[in-house]
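As recorded in Swiss-Prot:
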type	residues	note
SIGNAL	1-26	signal peptide
BINDING	94, 209, 212, 213	heme c 3 binding site
BINDING	122, 125, 126	heme binding site
BINDING	160, 163, 164, 301	heme c 2 binding site
BINDING	215, 216, 261, 263	Ca(2+) binding site
BINDING	216, 264	substrate binding site
BINDING	275, 314, 317, 318	heme c 5 binding site
BINDING	282, 285, 286, 393	heme c 4 binding site
């Protein structure tokens, strides 16, 4: 009877996301320009919400690192000249959010608060300390400066105050008190006609996840986070938006193409799929209601694979058994993967062929339409593959985007063949050996030994200073 009731509820919901280091970090002190109500220390809420806290803490069990570059060295070529060519691991548990952004080679090895390759915005999805700093300094104040400036401040892992208004009476009374703790996310939702304060419970559940599991870019001199949704959320809409403002994340060092790098667009791809269209939320599948030892229901905060809680997730709506659904999902995942690899092969050739054209004396005017095709092809490929769960969220949309990417890449290569022929080059452009991550990185000129050594020195010297300063300022528990 309970299962029938739950299915009925789901049905109706379907109808209606050491010595050389300077002392600059130790000299930083908190700014108290505004009243701050965000408490970033997650353990503060453990006594009040023990089941939720312990299940959130269990995300530390999701500790395995998967090296995406080692698995697929083509990525190194596609991201040549961009920090992702150095290091790209698949995501793991929320408990590692701060650790992973510190340890990734993409954030470099800054020695001072003004040093390093990336802006403050790169902390934005990693910690409730971000919400605290935005409240304390304002958005302009928070985004100002380099990533390293936030080191002594952003120290607590993604947690309670990222998604809940922990200072509210509702939260104190045990209610969800969901909130968009990032103002830029609130503005983005309004841009697509979904103001958070007017949204229903199911919409709010996914919108909270969509603060971070989303495509974004760094806007203006301050490198502030913005979602490119002004024209809509489809891949073509965002492409049109980026083209209109002549935005690029970087220039590929081989082809000289002004590139776009998709982030993790789960909210967009979920919205385009059957679950999103029927308002089956992120929470329904990744954070189901479960029972504690006393039989009390609570929301499981060990965010993970729905198949790990099949009876509480998939079985609420689907009549198929677990093995049958896993087979369907595996087939869709394989189809996405197979087309992904085919697109990557075309793009790898296109980047090296474009380099050959430049080397042969091609002009900007000759290369412009070709680079535009490469840009659009890789953008569509990237938006599909950067959403790791697209085979589950929107497999048809994933295949559509990859098919479009293949067409654009083929257009680029056809134009390149014609252009190269005018330069007297009619033979196939050879590729270097990129059969491993290490060989691919060498092919684009990365000195990985130096990059890794600098990172290890940073982790041994600078990060401990950050943590000491955070404890001194009461931002971390002793």
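Any Cβ shown, glycine's included, is placed from N, Cα and C.
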Q) When you look at 160, 163, 164, 301, which the record names as binding heme c 2, what is the longest CA to CA distance in angstrom? A) 13
Q. Just how many other Cβ atoms lie inside 10 Å of the Cβ on residue 212 (heme c 3 binding site)?
A. 23
Q | Inter-residue Cα distance where the pair is residue 212 (heme c 3 binding site) and residue 286 (heme c 4 binding site), in Å | A | 15
Q) What's the CA to CA span in angstrom from residue 317 (heme c 5 binding site) over to residue 285 (heme c 4 binding site)? A) 11
Q.
To the nearest Å, how far is the Cα of residue 125 (heme binding site) from the Cα of residue 160 (heme c 2 binding site)?
A. 13
Q) Do you see any of the binding-site residues 122, 126, 314 whose C-alpha is within 10 Å of residue 94 (heme c 3 binding site), and which ones? A) 126
(Q) Between residue 213 (heme c 3 binding site) and residue 264 (substrate binding site), how many Å separate their Cα atoms? (A) 6
Q: List the Cα distance (Å, whole number) between residue 122 (heme binding site) and residue 314 (heme c 5 binding site).
A: 34
Q: Can you figure out which of 163, 209, 275, 282, 393 (the binding-site residues) comes closest in space to residue 216 (Ca(2+) binding site), comparing Cα atoms?
A: 209
Q) What other residues of the same chain, not counting 160, 163, 164, 301, have a CB atom within 8 A of the CB centroid of the heme c 2 site? A) 52, 56, 159, 161, 162, 166
Q: Based on DSSP, name the secondary structure state of residue 393 (heme c 4 binding site): helix, strand or coil.
A: helix
(Q) Just to be sure I understand: of 126, 163, 212, 263, 314, which binding-site residues have a C-alpha no more than 10 angstroms from the C-alpha of residue 285 (heme c 4 binding site)? (A) 314
Q: Measure from the Cα of residue 215 (Ca(2+) binding site) to the Cα of every one of the binding-site residues 160, 163, 301, then give the nearest.
A: 163
Q) Taking the mean position of the Cβ atoms of 122, 125, 126 as the heme site, which residues outside that list, in the same chain, have a Cβ no more than 8 Å away, listed in sequence order? A) 97, 101, 121, 123, 124, 127, 130, 212
Q: Whole number in angstrom, please: the longest C-alpha to C-alpha distance across 94, 209, 212, 213 for heme c 3.
A: 12
